Each structure stands twice: as C-alpha cells, then as structure tokens.
Ligand SMILES: [Fe+2]
C-alpha cells in the first residue's frame, strides 16, 4: 500500500483535490451552475447553519453522483447495537471486563459494523445529548458496505489490528496507539487485516474539541498540528444494485442499496472532516514537585456539555512519562467521582493494577463508585524509594470520562461473558495501617 498523505492541523479550513483532477474545486464560489469536471456539489453540515463562526462546521463535497442516489432505507438486524439504557437494572459496582473475545474468521465472518457491541451509555439520541461506548470485534473487511452515523461522532480507538478507513474525504490508516474521529454523517468503510478489536466513544450532538490550556499556555497536551486529515481520493466504481449504505439513525440500523461506491468525492473543502492522531505525540504535563495533578491534565479531546467545564465525554490517556514527585504516593489516588470513568488498555500494564486489567479489556467506575490502586500496588508504592522513574513504558491506557451516569447493556453484563466477577477482590487485602499512638508515617519518608 502506497503511503497515504494527510493535511496536518485541527479544525482548520482545508481544501483538497484528487491529483487526477486538478482544478476540481470551483473557483470563487461553492455552487456553480456547472461544476468543474461536471461533478455534483453537495454540502455536509456538521453544525446548525447559524452557529457562531467558532463552532460552525461544514464541508463542500464535489462528487460524481450525489449521496441521494440510493434505494429506500430498510431496517436491518441490530446485532448488539443498542441505545436502550434500561435493558438491565442499574449496577453501581466497580466493573471490570476481561479482553473482549474476537470471533474467529474461520467460524464467522464479522465486519466492523456487524461487530459493533454497545457496552454502556446514557442520554437521549433524539435530543442530541448523551454518549455510548461500543466495543468493535471483527475479522473481515466491509467490502461493498459503508456506514454513517446520524446520531453522533465516533472516536475510534483501535487496540488490535490496523484499520484502513475509506471515507468520503479520502483514506486513513489508523493503527493501535492512534485514534481517529469520524464525525456525524460521514460515510466510511473499514478494511481489516487480522482479528481486530477496539473501543468507540460515541457522543451525540456535540463535536470533539481540544481542551483549553489555561495557565499551561499556547502549547502542550495534544498539539493541533499533530492531527491529520485525509486528502481527497475517489473511485468511479459501479456496483450495480450491490453497494450497501448502512445508517445508524435514532439508535437503530438501516440499510439502503445503491449502484456506485460512495467514495466518489473528487475534491472537497471545508472544516468538517474526519481526522486521526497518534497518541505518541501527546505532550505530557505532570507534577514535578509533589502530589498529583488531576487526570484532566491528560485530556486529549473533549466533547463539551452546555455547562461550563463539564464534558459530555473526555478522552484521556495515560502515556509513558517520568514520575518524579517527592514525598508522594505516586500511583493514582483513591477516588470517588461524580463523573463516570470507563477505562481501556491498548497495550502494556496499567500502573495502578498490574494484573487483571488487560489489553482489550476494560473497567467502569460509575458515578461516586469508589476505586483506586489494588492492595499490592498500595503496599509497594507506600514503601517505594522515590527516585525519578519511568512510568508506563510500553503502555497506553485511556479513559472515556463522562458527566452522565451510564447504564451498562445486557451484552456488557451478561452476553459478552467477559465480566470479571472477582474484580472487587483486588481491594479486599487492603488492611488498616492506623497507628493511633504514633503520628510518624511507616513509609521510607
Ligand atoms: Fe478515578
């Protein structure tokens, strides 16, 4: 596969033409009477027309046929996709999942869409407020099938196997330790090359933004230039009656047939595009004296709610870094949080739990549910010699953190058979070290 090209930058106005058709973008206007190369002009709006400039998102696509050329949509099997947050009774326990099992291609061919499994979520699709967390487990490319989501944006975190993603804006190769965001309405089709697994954070009605940096200044965390947007690429491919467009609409799946590949956009311009980001580029900021900065310091992208400082969902990572804090218990602190914290592991070993939390698995610590280091971690870290040390080398854990109180689906609690019934036991050996007669701490300090 020839190396793919990208446009660097986050949220910029971009313009791209497939090099086979120079001058495909109309000059000086969006909607000429006849477009160059006799293409059709189509606008994709990602925000209300009337949004202020800072949040207004749209792109113009110049394509061989407009997207409207399809047979009617019909309902299809929902598989394990759901937005029914009342399938099972609420469960406030700490939940942990073993690695979600990927079906073997020799037993059943499953593509990205048929391999979507909703794990948890909250909110309401119809009023554009909420989120869902899905696990994708697949072994087969989508072929003559594409998908678009009318409900929200997908932030896709591949954990095993790379994804070659065809979009209307061009192609992206997304490997584990990279993420991509495919925003509402954008059609895409995914090729996979092995048994493939990953996580999806779906947000309804909002788009991901870079977090404000406040006193950090103009640079740091995820830098805008490290986000990559595909360049225009088209195929003029006839598939008489044989191309299937799948749509998630109000939480349900629908399919329509059409005669051509939807990846027939010869040129585009605008600021509403898919993009990818390599997590290795994250500039980590942390305490260099004592104590912890809160984990918000590791926020890559945020989907804001209407309440200042409160996110529908944040995407947060725990990258390799130095731990240098003096006189400090260095692993994550014991914690109860009004936010809900879903964690996943792309690779390696998470510092607060050396066993049990495995790549391809997950955990959910719901609103106000206590959590923190396991007993082994606490004992070791309380006695550790506090020299500067590398933390999380070879590891990438992440968190989807939400202000909404999420419900877990029946698939998550039962059908997946991946729930670790013994999770709570990792805290059982924690014992009291209380010495009422002596204030002197027992540790090396
Ligand atoms: Fe926490």
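From the backbone N, Cα and C atoms, a Cβ is placed for every residue, glycine too.
Owing to the predicted nature of the structure, the values given are computational and were not obtained by experimental measurement.
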Please state which member of 349, 371 TrEMBL lists alongside 335, 341 for binding Fe cation. 371
Pop the mean pLDDT for the domain 'Homogentisate 1,2-dioxygenase C-terminal' (281-434) in here, whole number is fine. 94
Here the recorded positions are 292, 335, 371; the one whose Cβ sees the most other Cβ atoms within 10 Å is 371
Which ones in the same chain are close to residue 341 (Fe cation binding site), with CB under 8 Å and 6+ residues apart in sequence? 364, 365, 371, 399, 400, 401
Long-range neighbours only, meaning 6 or more apart in sequence with Cβ under 8 Å: which ones does residue 350 (homogentisate binding site) have? 318, 343, 357, 392, 395, 397
